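Participant: Sharing a structure here in structure tokens format.
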Amino acid sequence: MSAEVIAVNGGKWGDEGKGKIVDHFAQSADVVIRAQGGDNAGHTIKNGTGKFVLHQVPSGIFNPDCLNIIGTGTVFNPVSFINEIADLQEKGVDVSNIRISNRAALVLPVHIIEDKLREGQRENGGIGTTNRGIGPAYTDRTSRDGLSVADINDLDTFMGKLKPLLKRKRDSYPGADNPQLHTDYYEDLRGQWFLELEEYITDSQALINKYLSHDSKIVIEGAQGTLLDKDYGTLPYVTSSSTTIGGLLQGAGIPPSALTQAIGVFKAYDSRVGNGGFPTELKGEEGDRLRELGHEYGATTNRPRRVGWFDGVAALYSSQLNGYTDIALTRLDTLSEFGKAQINYGYQLDGEQTDIFPANDNDALEKCIPCNISKFKMEDISWVRKFKDLPLEAQFYCNRISQITDTRISLIGIGEGREDLIII
Ligand code: IMP
């Protein structure tokens with residue numbers, strides 16, 4: 001017996017609509033494992049019960065038969081998780097099938113203070129983080145100084161690790177005098193977290209290994225997107241985790257040999273939150289119109305997203321790096337409302353043409369001018385439910401993306417709802 005393992009990540013800079021795609025697979029899944037990131041994510045799902053924005057809770061939560069694991073590779077924020085599940089419960093969602101890996105790194109209130117302090121120290125407007133303490137929490141995990149979720153279970157262990165951590169932070173930020181930098185702040189808080197979270201915290205790896213050895217369906221849910229990967233993304237304007245399919249396997253605790261499908265979610269146009277190069281960005285009135293049509297405002301921070309044409313060079317970089325078996329293309333409906341689309345398959349950089357995405361050089365990325373452009377007229381698709389019924393130019397558009405990335409498109413998003421999906 002072998003399990004079916006489907007990993008789903010974002011192909012570009014996040015906000016591609018991963019929540020909707022994971023929700024689709026989760027309807028028949030036994031387990032969904034959120035692999036990396038923390039409450040910096042905002043996964044929007046619209047189903048028969050309503051519209052939800054999930055931050056740490058995996059997108060399989062709407063299938064009562066599916067276990068939802070917040071994985072080892074995540075940074076777990078107890079404060080926002082407690083609020084998130086209270087909110088879901090209020091809306092009638094059963095949250096008893098959530099488990100939190102005892103090995104996940106803890107995001108403490110001090111990390112949020114630190115995130116803001118560090119952003120203030122950075123030049124040129126900083127990275128534009130979500131201010132959720134993600135970078136500092138991952139830094140403490142990597143330096144081996146941070147706390148894990150399991151530490152919530154025991155006051156002495158918790159305080160024993162917290163004391164030297166906070167001292168180091170006070171020494172690093174001598175001017176800062178926030179209560180979150182002192183141990184007193186955490187005594188009652190740890191007790192409250194223990195009471196609220198004890199039932200969810202578990203050795204998730206033992207659970208996952210059991211599912212792997214049975215004929216089960218496992219979905220690995222990524223957060224953010226490939227171009228925000230800490231190693232392969234558009235540094236320094238990236239997040240602090242591994243957002244690639246390889247990173248997802250590591251974070252979820254699934255061996256690479258178990259993977260059966262790698263799905264890259266791409267939006268039919270591009271968007272980016274925060275700073276950094278964006279060669280196909282649409283500015284001015286056109287950009288404003290696309291942003292409004294796509295409701296492109298951050299699900300976590302409400303910041304307006306920068307929007308632009310689908311960048312074929314970036315898409316090829318991402319599909320090669322991730323080894324996608326399939327692409328899920330979302331928001332074709334938004335482009336059809338916009339009335340037109342275009343894809344480049346090259347850049348002009350310093351007078352030379354290139355098809356290489358300069359992920360590790362933001363100065364170069366800022367200078368790239370899209371070239372080798374194909375343009376498409378997009379017509380109304382509101383009545384369409386099958387690929388063959390799409391207007392011809394919309395079919396050409398999808399085929400061009402498939403050709404550039406050398407990957408088949410197996411799902412197309414044509415609306416917000418669960419059923420608004422063309423399955424190919
Ligand atoms: P951090 O993850 O909060 O440290 O932010 C680092 C960068 O990643 C910033 O540019 C954020 O805007 C971006 N980012 C983080 N999470 C998301 C997301 O879920 N969608 C899109 N961008 C994100």
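Each residue, glycine too, has its Cβ placed from N, Cα and C.
Curation does not apply to TrEMBL; its annotations are automatic.
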Participant: Let me know which member of THR129, THR130, THR260 TrEMBL also records as binding IMP at the site of ASP15, GLU16, GLY17, LYS18, ASN40, ALA41, GLY42, HIS43, ARG144, GLN224, THR239, ARG303.
Facilitator: THR130
Participant: Hey, of the binding-site residues listed (THR44, THR130, THR301), which one tops the CB count within 10 A?
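Facilitator: By the 10 Å Cβ neighbour count, THR130 comes out on top.
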Participant: Around ligand 1, within a Cβ distance of under 6 Å, which of the binding-site residues ASN40, GLN224, THR301, LEU332, ILE414 show up?
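Facilitator: Going through ASN40, GLN224, THR301, LEU332, ILE414 in sequence order, those close to ligand 1 turn out to be ASN40, GLN224.
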Participant: When you measure from the Cβ of ARG305 (substrate binding site), which residues in the chain that are at least 6 apart have a Cβ under 8 Å away?
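Facilitator: The answer is ASP15, SER271, ARG272, VAL273, ARG291, GLU296, TYR297, GLY298.
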Participant: Same chain only, sequence gap of 6 or more: which residues have a CB within under 8 Å of the CB of GLY17 (GTP binding site)?
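Facilitator: When sequence neighbours closer than 6 are ignored, GLY17 (GTP binding site) has THR44, VAL265, LYS267, ALA328, THR330, ARG331, GLY413 within Cβ distance under 8 Å.
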Participant: Could you tell me which three-state DSSP class LEU332 (GTP binding site) falls into?
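Facilitator: LEU332 (GTP binding site) sits in a helix per DSSP.
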Participant: Relative to the Cα of THR130 (IMP binding site), which of the recorded positions LYS20, HIS43, THR301 have a Cα no more than 10 Å away?
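Facilitator: Matched recorded positions: THR301, sequence order.
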